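Engineer: The structure is given below, and queries will be raised subsequently.
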Amino acid sequence: MARDSLDMSGSDSDSSILDSIPDGSVRLASNFQGPTIHLLWRATSHKFEDRIIPLSKPAKVGRSVAKLKPCPHNAIFDCKVLSRNHAMIWFENDKFYIQDTQSSNGTFVNNERLSKGSEESLRREIYSGDVLQFGVDVIENSKKVTHGCIIALAKLFLADGTEVKAENGSSDRALSKLSVSQSCALVQALSNAEQRESMVKDKIVALQDVFEKIGKATENSWQSIIDEERLLNKIQALEAQLAATAENNNSAEIKRLINEKEVYEKLAKESLSKVLQEKLTALRKVDELQFLLKTTQDNVYKAQETNQLLSTQVKDLAEKVDSMTEEASSLTETHSQEKAALSLEISDLQKELQTLQHNVSTLEEELEKARRKHESPISEKGLIIENAVSEAEDKISLDSSQGETKSNKEEVIRLEEIVNQLKDNQTKLESEKEELLDNMSDYKRTLDRVQSDLDGKKELSIQLQMFQRENARLEVELTKAKAAPSQQLEDLKRENFLLREKLADATSPSLRQRRSSPDAEKLKQIRSLQIELSDVKERFQKCQDEKLEMRREFDDLAKEYNGFARQLSTACRNSMIPLFLIIVAAILVSRPFSEVFGRSP
């Protein structure tokens, strides 16, 4: 039969599907080749996953421990009612057996326990369709928690996949003849019966609690009856004592005692009223002194807070002064470094300026010398060339006029060559003159650039002087800034010192003498008030103690008076001489008042 609750998830090794078998049975398919037992979870069982357990070797049923954890192919369950070695299941000679191995809560096959107590059972053959139960449900009373047992429907399969069912006609396997649905119904009925049994157990526990409460109430009632009997016996004894007292005393003695009692009561009331009045006065004075003390404490607390606040401000200002001092020192150091660097730079610039001025003067002198040197030779050479050219031309003209000869022609040619050479020299001199003029223009430009550099250096010197003046001004401001926080710090220190003196004057008796006469008188008054306050507190405590003692005595008197009043009323109803008994009761009641009056002074 297919089950709707089969787990279809898992790996290939432990996945299970429904396989139909030719004989009509159904099994969970697995990869195990040998005999297997399938344990299917029942609704009334402790929760567990369906198991497919190979029985090629015996399988142990037990509780989960550290080294042995539950898995889909073993019979280990995470259940508290199981023992570690609860039972064994094995396959032998084509049969499946189960045996209880001295478990604490037992092993059941079809609701039949295999062994009694913690004994090891005999082996028992099981069949497919049997209901196996390991352990029983356990109720934990401390936590009101029920721990369930393991209940499983067993499916047994041989190595070839054949399901092992019970044989027909077997009287001790009557349950195996039932169908699976009938078995499920039977298991459900058993679970319902177990639930009813658990409900009955809960009711029994509740009834036990009720019986315990009834027992306690009965004990209390018996105790009250015993106390009542004791009180009755005491009343009888007091009645006997009253009767004996009535026989031994006369009426004159009783009247005298009654008068004394009235006098004692009057005096006691007066003393009580006087004491109460004194207590009220003392309480009022205590309240006034407490208010004065609270006011003084508030003033001291405020002064302490002010002192603390001022101390915090002084610390903050001191930190600020330190930071400003550090900053000023760093600025001074930076300024001195910059000043030294600038002075070095100025000295270098001045040296460079002197060098440039010297170079300029040298260049001017050289330029003037070159100009003089080149102008005079050029002019002289030009004149010489011109004279030579003119002489040559004159000579040529004379020779041509007188007649040319061969020697003259050679001379003319020579003179023409000289003239040409002189012309070439003149062109060279002109080119040299142009080069000299270019060099002079370059020298002039260099001189202008040097002059501009000198002007820039002058501007730098002017800026340096301005920077020095600004630096002097900043140094003055820095000294002023240093002086201002130090002055504020000194003022705050003086104020803090004055406040500390005031606080010390307000709290220390040794410093109170340094104050002025009105302050000293006030301090003396406060001191005297504090002393009076302590005395009043002591008296108030004594009065409270006396008040408590008097209350206890009055309570005792009231109890005695009530008891005697009840006794007198009973005696008056049962006696022929009520007046005599009342007088005797008054005598007995008057004794505590006389004791109180005796202690009151």
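Positions of Cβ are set from backbone N, Cα and C atoms, glycine also.
Unlike curated entries, TrEMBL annotations are predicted automatically.
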Engineer: Under TrEMBL, the annotation coiled coil belongs to which of these stretches: 87-133, 228-274?
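Structural biologist: Feature coiled coil in TrEMBL: residues 228-274.
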Engineer: Between 36-70, 141-175, 526-560, which stretch does TrEMBL give the note coiled coil?
Structural biologist: 526-560
Engineer: Please work out the helix, strand and coil residue numbers for the domain 'FHA' (59-114) from the DSSP assignment.
Structural biologist: 0 helix, 26 strand, 30 coil
